[in-house]
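What follows is a set of notes on a single structure, which appears directly below.
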Amino acid sequence: KKNSIAKKNQSWINAIENNFKVDDYESLIPNADLVINLTPDKEHHHVVQVLQKLMKKNSCLGYSHGFNIVEFGEIIRKDITVIMVAPKCPGTEVREEYKRGFGVPTLIAVHNENDIRQIGLDIAKAWSFSIGSHRAGVLESSFIAEVKSDLMGEQTILCGMLQTASLLCYEKLIANKNDPAYASKLIQNGWETITESLKHGGITLMMDRLSNASKIRAYNISEKIKKILSSLFQKHMNDIISGEFSHKMMQDWQNNNKQLLDWRNKNKNTSFEKAPVYHNKIPEQEYYDHGILMIAILKAGIELSFETMLNSGIIAESAYYESLHELPLIANTIARKKLYEMNKV
């Protein structure tokens, strides 16, 4: 935006410091072969309408999430090729993984109604390669499958359960007379520490960090959690497949995000978010030994999310990305700023 350039805001500073060419829409877009739309879902319709007026003939429009196409039903000019490269993590983590010489698993797709030159898949592959995703894994998918699996993962294990479990585990620790500062750090950094084992060896390695007695206890708790939450996970999946979830979310957009902002404000004012800082180091193994409930919650949530998506027709690879593989990257956001950053990204 011209005012962002004039004010030299943070996004302008970030772009300049990383050697990107910076200019306004009217100057850059008419000459671009590929235009990538990374704005929030709520802004997509307006942004895409503006982009189409500026994009040259036979250019390509890229998405990182297919909500605008699938749930809103956006119609794109027929000469424009429409593709998607959807990294399975927040955008901040895409950059961090690239900087360390790796990448994140990514779904790619082509909008078949906008691929008259049959070049969409090649462009999507090149784009995913450019952000390092080929090092972690690139899976060809579809706009519909990406949207439905992405929403299901976010609403359950990736965001819904991590958020709720953080608050409940903290309340339980405080009720048991634990030091609030220690309890806060155990949970805030515990998710990141524990889920790191998922990256290297899945649920099996995570469970193997426990003693035999603790492993049995975590397993039994996870089975109880699965029985309690199974119907709730299925309802989430049904609402997502039917479009009911997206319909309610778009209604909230029209109401200036009132419901979303109310939820954020409630989280901001929880005792977990306001807990004092614990300055001592917690040994890595202690996160496992004192986090048996957290491990049980992770095991139950991952398995329920994966099984529910699989039973709804989502392919196993996509369900895996959205239930287990993305989890450590979401946990990283809690480690940085508790639930605040996870809710913002």
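Yeah, the Cβs are placed from backbone N, Cα and C, and that goes for glycine too.
Given the structure is predicted, the values throughout are model-derived calculations rather than measurements.
Copied from Swiss-Prot, the annotated features are:
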- 1-141: domain 'KARI N-terminal Rossmann' (DOMAIN)
- Ser11, Asp41, Lys42, Glu43, Gly91: NADP(+) binding site (BINDING)
- His65: active site (ACT_SITE)
- 142-286: domain 'KARI C-terminal knotted 1' (DOMAIN)
- Asp150, Glu154: Mg(2+) 1 binding site (BINDING)
- Asp150, Glu322, Glu326: Mg(2+) 2 binding site (BINDING)
- 287-345: domain 'KARI C-terminal knotted 2' (DOMAIN)
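In the three-state DSSP scheme, Ser11 (NADP(+) binding site) falls into the helix class. With respect to Asp41 (NADP(+) binding site), the closest of these binding-site residues in Cα terms is Asp150, chosen from Asp150, Glu322, Glu326.
Other Cβ atoms within 10 Å of the Cβ of Glu322 (Mg(2+) 2 binding site), summed over all protein chains shown, number 27. Taking Cα separation as the measure, Glu154 (Mg(2+) 1 binding site) is nearest to Gly91 of the binding-site residues Ser11, Lys42, Glu43, Gly91. Recorded residues Lys42 (NADP(+) binding site) and Glu322 (Mg(2+) 2 binding site) have their alpha carbons 22 Å apart, per Cα-Cα distance. Among the recorded positions Ser11, Glu43, His65, Gly91, Glu322, the residue whose Cα lies closest in space to that of Asp150 (Mg(2+) 1 binding site) is Glu322. Taking Ser11, Glu43, His65, Gly91 as the recorded positions under consideration, the smallest Cα distance to Glu322 (Mg(2+) 2 binding site) is found for His65.
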